[in-house]
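Trainee: Annotated domain 'Aminotransferase class V' per TrEMBL: B:44-319, in sequence order. Taken from TrEMBL, the feature N6-(pyridoxal phosphate)lysine covers B:K196. The substrate binding site feature in TrEMBL is assigned to B:R344.
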Number of protein chains: 4
Amino acid sequence: MHGFSHLYIPGPTNVPEEVRQAMNIPMEDMRAPDFCDFVRPVLEDIKKAFRLRNGRVFIYPSSGTGAWESAISNTLAPGDKVLMARFGQFSLLWADMAERLNLDVDLIEVEWGKGVPVEEYAAKLKADTDHAIKAVFVTHNETATGVTSDVKAVRDALDAASHPALLFVDGVSAIGSIPFEQEDWGVDLAVAGSQKGFMLPAGLGFLGVSDKALAINASNSPKMPRSYFAFDEMIKLNDTGYFPYTPPTQLLRGLRVSLDMMLAEGMEAVWARHAYLAEGVRQAVAQWEGCKLVAAAPEWQSNTVSAIYTPEGVDAKEVISIAYSKYRTSLGSGLNKLAGKAFRIGHLGSLNPVMLCGALSATEMALRDAGAKITPGAGVAAAQEHYRKHA
Amino acid sequence: MHGFSHLYIPGPTNVPEEVRQAMNIPMEDMRAPDFCDFVRPVLEDIKKAFRLRNGRVFIYPSSGTGAWESAISNTLAPGDKVLMARFGQFSLLWADMAERLNLDVDLIEVEWGKGVPVEEYAAKLKADTDHAIKAVFVTHNETATGVTSDVKAVRDALDAASHPALLFVDGVSAIGSIPFEQEDWGVDLAVAGSQKGFMLPAGLGFLGVSDKALAINASNSPKMPRSYFAFDEMIKLNDTGYFPYTPPTQLLRGLRVSLDMMLAEGMEAVWARHAYLAEGVRQAVAQWEGCKLVAAAPEWQSNTVSAIYTPEGVDAKEVISIAYSKYRTSLGSGLNKLAGKAFRIGHLGSLNPVMLCGALSATEMALRDAGAKITPGAGVAAAQEHYRKHA
Amino acid sequence: MHGFSHLYIPGPTNVPEEVRQAMNIPMEDMRAPDFCDFVRPVLEDIKKAFRLRNGRVFIYPSSGTGAWESAISNTLAPGDKVLMARFGQFSLLWADMAERLNLDVDLIEVEWGKGVPVEEYAAKLKADTDHAIKAVFVTHNETATGVTSDVKAVRDALDAASHPALLFVDGVSAIGSIPFEQEDWGVDLAVAGSQKGFMLPAGLGFLGVSDKALAINASNSPKMPRSYFAFDEMIKLNDTGYFPYTPPTQLLRGLRVSLDMMLAEGMEAVWARHAYLAEGVRQAVAQWEGCKLVAAAPEWQSNTVSAIYTPEGVDAKEVISIAYSKYRTSLGSGLNKLAGKAFRIGHLGSLNPVMLCGALSATEMALRDAGAKITPGAGVAAAQEHYRKHA
Amino acid sequence: MHGFSHLYIPGPTNVPEEVRQAMNIPMEDMRAPDFCDFVRPVLEDIKKAFRLRNGRVFIYPSSGTGAWESAISNTLAPGDKVLMARFGQFSLLWADMAERLNLDVDLIEVEWGKGVPVEEYAAKLKADTDHAIKAVFVTHNETATGVTSDVKAVRDALDAASHPALLFVDGVSAIGSIPFEQEDWGVDLAVAGSQKGFMLPAGLGFLGVSDKALAINASNSPKMPRSYFAFDEMIKLNDTGYFPYTPPTQLLRGLRVSLDMMLAEGMEAVWARHAYLAEGVRQAVAQWEGCKLVAAAPEWQSNTVSAIYTPEGVDAKEVISIAYSKYRTSLGSGLNKLAGKAFRIGHLGSLNPVMLCGALSATEMALRDAGAKITPGAGVAAAQEHYRKHA
């Protein structure tokens, strides 16, 4: 099929040309005497994207899932009680991992479409006067439902209860795209991945770690068994500007450029850009008769991905399949209990209004082809007007 | 600015990923013993895109303008009388070149928006009983106005008059995109360039030459002085699978892939695709209050580029400027007497409906920003419905 | 500095142009309906490089170190007794990982320069009549010393003792380069990585798993905690042609091409090519007065990397440093107890005689600059004659 | 065949990775409002590589041959008498072009291996008291023989005779590599191409033009017919930061980077680097029994290419063919009367000692395979010692 393909899944996102150029390179010697001069500033600058003044960010050759595991296995012990909430496929998978790693998971089920139940968390933390809860988990942006949770409020709940539990955040589809303040919000373990807001191919897992979590890691006992993701060797080598095993240098060269782009723009501007682009998509969805966001209320709406219920009788799988095969456009699928009921438009990373008008057009055509009675062009028109006026 | 840029000028066109990959190569030895094994099939296959069974296609390191010059300087003599028509910036420039090269140009002025005046041509040819006219020129697709002329009808006029004049065609924005039959239409010299339907960067000029024109070249006297573009050395070397001077191997490797893509699809399918995509753009234009095509009637409408008058009072330059700076979208400008009055949307090469819906959205936003009272989304809606139903 | 840089470390290796082209791509949808049509043949074909007819190869977003961990954590239980030998930095690190993961390591110290002590292994296996030993580990090619061990002989020892222990092989710098027969040698867990014989950037860990190991994994209890590297989810998704988490599609597209190249050449031809190229390097080393291979005898010599002692009084670190800064050439450093005493020339992956003559020239110049009294050109001359005669 | 291919022809040269990255881009709008902001500094900076303070450099989509034609057709009239010398394939071709373009060529035959006969030129200029000679041509570096001529001396001869003739220089394989001072040497027309010292793919012809030549162009009459290469339209558009026809933007983006690299290094340093690298090749040739440079004496030896006679009885074509097919190395062939007798090693552009040691190894192996009785490694050894000591 001719023309470019159109990628509007919530990651991998579209890699900017500058980053693509930077990755078009021959291999290099990851033990060269000057390789550390390249690595050290990368390790320093990625902290700025996490808004971390102290602590560290680890860069693993892995997916974001690997960084989830690193966070758990380096700071918790088998049997530790942790507080989690499940309201989408990714919070579900993280809870599943916690159980596989032998944590004692206090799991709160939440209606899909809402996020972390801050009041329930607060109540449990307040009640936990002997501090049995060792960690509190927050999926900042549930990629499956397009729901953003209030991380800061969970920090406030911990503080209100003077509770020492570690605060874990899955920021995979949040960090680099929507407001996130690891230092100011007291997040101890913050997970991200290369293929979302960082605008790179998949292949790197990032883990922002607070000084508090580093101290716990240095002393924790009994330990969870760990090796590949262990902090100690990574710290030892990172401190010299190298890695304990062969790093994907191609991705690191790309990361250098994507960090340069983000920091030159300014994180606040990056976040504002995501909000501006996301709002256009929501304005479009509002025009589509019978469609609605999975996010149950405006406060839950994500600026990086919108999950959208198809109208009664319209199979979301068919919408996605038509978009892909007839319009060369990849939309995100409805995962787990949303399968067939919802599709997703990823609107994070390197995008602009014309790209999203194209994505919305593909969606409108596919919806109509699949039987939805929406007005052609209505969503695009609403998005256009939003983009024009708020540029 | 973030996201991909959007290129909807009538060339250079969007280079397919396959072609881009093929050009990401180290340099190579253009005199290597096996280089001819690569060159010969390219020289053979490019003829298929020109629909030339006999004759040759020359590949010059030049723009299409260079191939214009090659056509003239290799087959005509200073002072030769030629028949030309001027109805846009490119037919104008070709006539200008003919005069610079000392041809005696019989130039017919035609209203911009129409194409070659076949009846006037026919009359002149019929009247030219002593065959003073040595060549007849046709700008197949006037890129400045979005007007396609009837090449076949000019051939018929020549035949009806039993006139031996050579038939020159500027097919730069036509060949590889809209129906063109060099052999069947008896076109003697057909000019094309890499950066249009061939989906490559600029840098190669193509010239399809009939056996009749080759014979004239071999014997013509008095000659027009020529060297860089001379046929003789090119023929001598091409026959061995090489070139008389260093060819741009990177572009040739890209050409190999673009020819593979075109021929696998089939030229008829390529042409049908262009018609399908162009019609969506025209459907959109029809919805834009106050806008209209420069092409004066449906028979003149080009399937590779649409030139569009802006509504009264709306400066086309402003539309283009806003599209570029605010929406990262390049539209073609109004050239010469169309400056400020019209803009152009290039819809040739490697494109698909979603790309064009994006381009139309950019245009709608820019038109409204520049003061046009069009209905947002109306054009996109019409295009969507066309693309859905005729896929 | 001008000109290309020269990479002769034992991985990452030089990426062929074909693979580099294949990785110069936009991102794609790893859940697209046709993505499985791409993935399934890759999963099937990579088995051919491992020479595995049954079983599976897992592809992890990780370094080879991650695949080490996957092998252990999926088939062994905490406290399991395993037999290992330590004779270089990488066998040392694997033993270290085994201890971190709470295995009971029976570790045999071997002189660096030799490999797995088959007779000691055989004796221990024979004595272990109650089968306390659950796994036997072999570092097939010790990258730090340039020593290749006899995997087949270890299999024979297991068979001779009718011992059911699993056979683990670190094939990171072996598989895809030197003879390796996972099925015929009864290797249960075989570890490889993308950046060596597979001629890709770092970023993928490969793990070949026998049916026997898969069966143990399916039933093992007590389990070692595992999640990211767990077989079960990977099997479930791979069986559908997908992955449980976002795969690095760019590397997979590269892998497709590198597998095509290897399988078109034929694994036996790939191995023969490595032997041919390695022998040229050894012929050169033999000419360098005062230098000698770390490999203690010809039977230990590796065809993928040569570790070379510098002459008395010549600091290997200085040789490496001069090669890098003055000659733009990366040589491998002496690791751990070889630091300062030896350097390494990687000769695996996509190479040819002229590249190695360049590498040997760089080494000769750096050796002389660092004070070695070798005859300039002597090594290169020997390599040239070998390459000429045995091409 | 595996490993990188080795390119040691005198152009196209090896493209640096930085330049290759810069050319890995989507197409762009060559009429965009900010395109001129990119073009103007390129047009200014390329003058620095020509060492031109006044005048202009034109950039044509063509090979260097096109720039030869531009130089002639824009400043001379049909029938003009010009002084040329022929001592290799490229000076031969330029003279051939001059005759095709109807110049009256006073052609001095010189033994191949020597360059421009300054004294004969001086005598003719002195004798030409009525200034019938309109232009004097110098092939600065005859690529076919590896001979460099003394441009400055020709200028001095013109000045000594107070002769107003224009000074034309073919600097295709010189400019950007060996000392060239267009302004200080009073060169009026200086031809170069992208694929030599400028380290780009073929596809751009460069023409440096003095103010004197520009003035002649503005007023010349009778004119030589010209259009594609005409100065006037190019000047008009370049002055606005654009081009009269679609420029190869990909190459221009590459040129931006190659100019940055050259100017950051400094032209004097670029020239010194070429001298240093060339001397190593000559030291090697001196060791090869029976081989000798085509350049007849040291003062003629080129620092960008060495043409080398094979020993009696050794077919140079066979050497080249073996190098290509057996060692993946491209050497330059002997052209015209040197065919079969000599081969060439290109040593210009982006190179370093280790690359050249590889090239020399390939040459030694191919020479021996073809029957030459040279000592293996002897040339490489001599080159190594030169590179080590003079780095």
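Note that Cβ sites are derived from N, Cα and C of the backbone, with glycine treated the same way.
Unlike curated records, TrEMBL annotations are generated automatically.
How buried are these features, and what lies next to them?
Mentor: The local packing around B:K196 (N6-(pyridoxal phosphate)lysine), expressed as other Cβ atoms within 10 Å of its Cβ over all shown chains, amounts to 29. In the three-state DSSP scheme, B:K196 (N6-(pyridoxal phosphate)lysine) falls into the coil class.
Following the DSSP three-state reduction, the secondary structure of B:R344 (substrate binding site) is strand.
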Trainee: Take the C-alpha atoms of B:K196 (N6-(pyridoxal phosphate)lysine) and B:R344 (substrate binding site) and report the distance between them in angstrom, rounded.
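Mentor: Each residue's Cα considered, B:K196 (N6-(pyridoxal phosphate)lysine) and B:R344 (substrate binding site) end up 15 Å apart.
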Trainee: Within the chain of B:R344 (substrate binding site), which residues six or more apart in sequence place their C-beta under 8 angstroms from its C-beta?
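Mentor: Expected: B:I9, B:P10, B:T143, B:A144, B:G146, B:V305, B:S306, B:A307, B:I308, B:L331, B:G332, B:S333, B:G334.
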Trainee: On the 0 to 100 pLDDT scale, where does the domain 'Aminotransferase class V' (B:44-319) sit on average?
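Mentor: Average per-residue pLDDT within the domain 'Aminotransferase class V' (B:44-319): 97.
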